[in-house]
Each structure stands twice: as C-alpha cells, then as structure tokens.
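Here is what TrEMBL says about this protein:
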DOMAIN    111-314  domain 'FAD-binding PCMH-type'
BINDING   143-149, 212-218, 225-228  FAD binding site
SITE      Arg281  site 'Important for enzyme activity'
ACT_SITE  Tyr418  active site, proton donor/acceptor
Amino acid sequence: QDLLKWYGWGYQDSKFQLVNEKATFTGDRYLIGGKHLPHLLDFAKEKFDLDLTQPPKIPALPTTFPPSILPESQRKELESIADVSTEGLDRLMRSHGQTLHEVSNLRNGTMPRIPDAVVWPENHDQVEQIVRCASTHKLVIIPFGGGTSVSGSISCPERETRAIVALDTSAMNSILWLDKEQLLARVQAGIVGQDLEREMRTRGFTVGHEPDSYEFSTLGGWVATRASGMKKNTYGNIEDLVVQTKVAVVRYGSLVFPDWEAGVRFEREVARERLQPSSIRLLDNEQFRFGHALKTEQSWGGVLLDGLKRLYITKIKRFDPERLCVVTLLMEGSVEQVADRESQLNKIAACFGGVPGGATNGEVGYTLTFTSVPWERTLALCRNTKRRLRDECRARNISHYLISCRLTQTYDAGCCIYFYFGFNSQGLADPVREYELIEEAARDEIIASGGSISHHHGVGKLRKKWYTQAVSELGRRLLVAAKTTLDPDNIFALNNMVLEQPGPGEGAAGVARSKL
Ligand SMILES: Cc1cc2nc3c(=O)[nH]c(=O)nc-3n(C[C@H](O)[C@H](O)[C@H](O)COP(=O)(O)OP(=O)(O)OC[C@H]3O[C@@H](n4cnc5c(N)ncnc54)[C@H](O)[C@@H]3O)c2cc1C
C-alpha cells in the first residue's frame, strides 16, 4: 500500500514527467524509466488535443472518510482472529477496482460507499473464522486480491445497509508446497502474480500465467475472474493452467502486415494449424502508432528496426504506414523449437503478405472493453464496433479520440479482441457518464455483431446488463440456485452478475437472497 498511488493505477514512483520540456518516465521499474520519449507530446496533441506541458491534476489525499458502521464488539471479535483496520485510507484503497467510473469517483472524492473495515487473514482457518463471524453478525464480506478488477466486481453495493468487511488476501502469500515430480503446487490465494512467478523461478519452475496486470493481481483474483494470461497458448488460461519446467529460450519477434484484414487472416491460419507460440498479438494501425509514441528513441515504430527496414516495408513492399498492422510474438522452448516455430510462422505470414519486423513492440494502452468472437465474425465485429464508437463521438461533438483494437488470444473457433478508446473530454458536462454511455453502445454493437459479453474479466457489475441475454433465464436461475445454496445468508453480497432480479416464479425471498 505504501508503494502504490492511492488515487489510481501503479507505483508512486512511476509516472510521466516533463524534464526540460521533454516527456520522460520516472523511476527504474520499467524499460522506459528515465528515458526521453520524443514522440509522446506530439501524439497527445494530435490524437487528444492535449497539452502535456501543463502539470497534471493530482488530487489531495482525503482527510475525512465515511464513518465505519462496524460495531465495536464485532471489530474486537474480528481482531481476535486476524489484523483489522477501520482507518479511512485503508478502507478507501480497498473500495474499488480500475474501471473509469471507480477511478473517477476515487479522484473526485465521490466514492459512494467504502468498506467499514479491512481484515487480513493469514491462512484458511482464519478465513473460515471470519466467514463464521460474518454469518453470525450479518456482515458482508468482499474478498479483495490486487484490486485490479475491471468489471466493478469489488465496488461496494451502494445500498447495502449491513457493515461491509473487505477481506484482503495479501497476507496469504505463501507457496505451501511444491511437488516437483507431479508438477503441482499449493499456493495461498493472495500471492501476487509477479511474486509467485519469481518464487517459482528460484525453484526452477514457471507458472506461465501472465495477465498484463500480474504485477498487482493475485492468484485468488485470477481464479475468481477466470483470468487469461498472455502466454495462454503454451500454459493455458487459469482454469487449465499447469506448472511447467523452466524454459531454455525466450525470444520476442514481430511480423508486419499490409492491413488489419491480412493480420486477422494470418492469425486464423496460425490457430487452424495450432502453431500459436506462447503469445501472439495483433495490433491495429492506431495501436502501432500509439506504441510508437511511447518509444524512447527516434526510431520508426520501434518494431521496424532501422531506416533500411522502413524503406523495405514502405517503398519495396509498398505497405501504407497509415494501414499496416503488427503481430507481436513471444516464443518459448528449446533453441531448435523456437527457431522451428519462427520459420513456420514466417512462412504462413508470407502467404498473407506479412514480413518479419524485428524486436517486439511496446504493450501499453488503456482498455475500453474486450470480447471473444468466432473467426468468421471477427472482421465485421471490429469494423462495426469502431464505426459505432466514431458515431457516438460525432453525436457528442467529440473530435479528438483514439479508437483502436488488438487481437490477443486465439482458439480453434474464434479469438479475443480488446478495444481501446480514449478521448478529449473538454466541454462535456459529465465525461464519465458520457464514457459509460459510449462504452454501453460499443458493447451493444459487439453483442449484435456476434461477440460475447466477456472473455476473461468476468461479468461483475459492468456487464451484468447483458448476462441473462448471454446465458438465458434458465442459466441465470441455475446460478442463483448455486449461489443461494453456497451462501444462504448472502454474506458475499457483491451484487455482481444479474442475480438480484427475480426470475419468473421466484418469490420475494428469492430477491433478497439472490445477490452475488
Ligand atoms: C492494466 C490492467 C491489465 C489487465 N490485464 C488482464 C489480463 O491480461 N488478463 C486478465 O484476465 N485480466 C486482466 N485484467 C483484469 C484483472 O487484473 C483480472 O480480472 C484479475 O484476475 C483480478 O485479480 P485481482 O487479484 O486484482 O482481483 P480483485 O480485483 O481484487 O478482485 C476481483 C474479483 O475477485 C474476487 N476475489 C479476489 N480474490 C479472491 C479470493 N481469494 N477468493 C474469492 N474471490 C476473490 C473479488 O471479490 C472480485 O470479485 C487487467 C486489469 C488491468 C487494470
């Protein structure tokens, strides 16, 4: 907590800064740390009409917090089990995930409800005792891992009248045992991704699960949200993840394609042949240029190593710099396996007009939403969603924006697409509300175009509107039945998914007892 920003994402020592009127990034945690970013100011001006030479608005640390409604006697009872805090900042920092709405509430001091206490169990027995205590005293528990949720799943239900306890799993961060023969490990739920991976590596193993948030997200959070990591092609998503032995070689690479359509056709063929390397991502042209804005040298796009390469791609291959797109690759295995895979991928790329592009591009951005979609609908879905976003901007007189997408995971039947969206909100009375309306419109369009409501971030509160449509009323009621059986007192009343509305034939008791 001491290392992190209280008002948003990331470490306190990591931020963009102007030094001698040049954009730089502070700290030494990341590759761009301490480096000059010569393209960033121009990019921000062109895309968002933003003047980054103006100092950013950093909110002042709040001095007052909503009072805790946890009765003193119950606090004492919890304290007899594990560490407890009712300090305002501890509670505020565990009241939100990372959606725009939540971060905006945090920065503006408008968080509608925060937990009444935070409790830090160290083991399973203590968790059981806390749940028992909550059951006896009618408390609500919200498990809190890394707080990186992007579905609103950890925000406190506004109208909850019972005291809410955030069960912070960060003290449950040990590897309990590792069976090197069976390649199995038992690990406590609160371990943070980067710590788990580091610890496994010291033992000669890897977890292989690396969601982009793995600096902060936890094992328990991954399981609860069915997370998907960038190396899923080798190690699987969290639900089918197995421990593997240490790899001999890791190599990054990239391929450049004349346009998005060619890139998607390439990805589809690679999936059909089941030749995906550990990670394979397709970046559209906007994303490629955004990556360029975060490059530290005066290179062209970073992935295209030098002037000669640029010349080859634009003059000889005649790729249009305004349309080309890039596939980034991460290959793991023995030296021979990696070389073999690279050559197979290069051959397939050539069939779709692609050429090798050299070292990997940066992976930065901010997500609007993502979806999984069958292959045959992929191109239309991307086109429709981008068009819908542009229309929504036009209807609101938003003239500076970035709309971009990235294809991140591939399967036999389809793929996962992330959409990225940012805009200059100047002149809008309620930018967060407008963003949410635009996001909703984009999601409607995604579903109408054959996409799903979620690939790996869960449903939470953000996507609950579409849940019944996706799983049917019968599916929803099955989930309600499971929830009420497992949690009859509705202690885990996070109010996620569509479980608070009664289905046909459900009585009032069903309403009260069906929140998840
Ligand atoms: C910049 C960024 C990049 C991201 N990249 C990815 C990505 O590549 N892949 C991906 O899948 N997701 C990604 N996410 C989303 C998020 O990181 C995942 O959903 C992650 O699994 C959440 O883990 P967490 O520990 O932060 O959980 P939290 O945000 O703390 O909690 C999420 C949900 O899990 C529940 N929960 C947490 N711990 C437990 C537990 N021990 N027992 C029961 N329930 C629990 C919470 O109550 C809540 O409902 C990203 C998010 C951000 C902000």
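Placed from the backbone N, Cα and C atoms, the Cβ positions cover glycine too.
Keep in mind that this is a model prediction, so the values were computed, not measured.
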Helix, strand or coil for Pro143 (FAD binding site)? Use DSSP. strand
State the Cα to Cα distance, in Å, between Tyr214 (FAD binding site) and Tyr418 (active site, proton donor/acceptor), rounded to an integer. 18
Using only C-alpha positions, which one of Pro143, Gly146, Ser149, Arg226, Tyr418 is spatially nearest Arg281 (site 'Important for enzyme activity')? These are the recorded positions in the record. Tyr418
Which secondary structure state does DSSP assign to Arg281 (site 'Important for enzyme activity'), in the simple three-class scheme? strand
Lowest local Cβ density among Ser149, Ser217, which the record lists as binding-site residues, within 10 Å: Ser217
Under a threshold of 6 Å between Cβ and any atom of ligand 1, which of the binding-site residues Pro143, Gly146, Ser149, Tyr214, Ser217 are retained? Pro143, Gly146, Ser149, Ser217
Taking every protein chain shown into account, which of the recorded positions Arg226, Arg281 has the largest tally of Cβ atoms within 10 Å of its Cβ? Arg281
How big is the Cα-to-Cα gap, in Å, between Ser149 (FAD binding site) and Tyr418 (active site, proton donor/acceptor)? 16
Here the 10 Å Cβ neighbour count for Tyr214 (FAD binding site) comes out at 22
Measuring Cα to Cα, how far is Ser217 (FAD binding site) from Tyr418 (active site, proton donor/acceptor) in Å? 19
For a quick check of understanding: among the binding-site residues Pro143, Gly146, which residue's Cβ has the most other Cβ atoms within 10 Å? Gly146
Between the C-alpha atoms of Gly146 (FAD binding site) and Tyr418 (active site, proton donor/acceptor), the distance in angstrom, to the nearest integer, is 21
Roughly how many angstrom lie between the C-alpha atoms of the residue listed as 'active site, proton donor/acceptor' and Pro143 (FAD binding site)? 27
